[in-house]
Amino acid sequence: MTPDLPINLYPKPSPNLIQADHLQHTLNELHARYRSLNQGKPASYIPELAKANPDWFGICIMGVDGQRFEVGDTEQLFTIQSISKVFVHGLALEDHGRERVLDRVGVEPTGDAFNAIVLDERSKRPYNPMVNAGAIATTSLIKGKGATDRLNRMLAMFERYIGHESYIDMPTFTSERSTGHRNRAMAHLMLNFGMIDEHIDEALDLYFQQCSLMVDCRDLAMMAATLANRGKNPLTGIQAVPAEYVRDMLSVMYTCGMYNFAGEWAYLVGLPAKSGVCGGIIVVVPNRMGIAVFSPPLDERGNSVRGVKVCEDLSQQFGLHLFDCTGSEKIT
Ligand code: GLU
């Protein structure tokens, strides 16, 4: 028998109930609470990252309506590192479509460290675009007539998200390149299985360049807000990535974005996110806002210690967990 009660398949989003001054006050409080948390250490595998000041600490929220809330060191520049993987994944999808990207890189979380030299036994694909092997395979898919064209296309892509030009930090790039032996080994393993083509050095250089892009916490919040805003930069109105691929990018962030803490993160914070060894974390609250935290000291899994704390508290306090249905305070 067909039930005669109507079912509302498309409930309207909740109204905006968070006041701007309340949000700003909360950011100030979180910054004050965690500023003195002295756990973890900045990454030290290259000198440029080891030079980071462990006290740097910034939090920035960019709403999809273009409102910005921030506290602390939100204009301190640093290299984007692994957070770049999200956006290069988007460009690969734009260049080749879902099927072809999936042929080369899976979407399965690994539970292994980000730099594990491991491929899926059966398919020989790297597990996902957020671990190094998968990111190198993704980067190798970027289209262009030669290395310079590929780099320029990548920089133009980042500019669409950030809203202004950004540059590659040469000392970081050259350090990454001269010490990246594990990444090189992974690229060779993938070449052996036909997962990337023979232009290995070019792909690796582009990968090291993407990791060396200079950003600040405001830039990261804008990039996250662009994803929250269906791929359109909230301030410039420029479509940074076709809206159809935002879902792919966010799904992979949700399951694989926080190194081998991704499952616990999904459980505790419940939002798509990506962190990098620079100490940055971006978090996307779909249709609402982008969150960025920057604080270089990392825990043993490579995530910013203060960053994780701030995001846990924000999610809890404002009921941002995607599967939270207790009706706590909502932001649109
Ligand atoms: N450039 C780093 C590497 O490939 C990225 C590390 C990270 O942020 O996870 O080793």
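Backbone N, Cα and C define each Cβ position, glycine as well.
Heads up, TrEMBL stuff is auto-annotated, nobody curated it.
The feature substrate binding site is assigned by TrEMBL to SER82, ASN132, GLU176, ASN183, TYR207, TYR259, VAL277. Around GLU176 (substrate binding site), a 10 Å sphere centred on its CB holds 25 further CB atoms from the protein chains shown. Reduced to three states, the DSSP call for GLU176 (substrate binding site) is helix.
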When you look at SER82, ASN132, GLU176, ASN183, TYR207, TYR259, VAL277, which the record names as binding substrate, what is the longest CA to CA distance in angstrom? 19
Listed in sequence order, the residues of the same chain lying six or more positions from ASN132 (substrate binding site) whose CB sits under 8 Å from its CB are PHE114, ASN115, ARG182, ASN183, MET186
Relative to the Cβ of TYR259 (substrate binding site), which residues of the same chain, six or more apart in sequence, are found under 8 Å away? ALA113, PHE114, SER275, ARG301, GLY302, ASN303
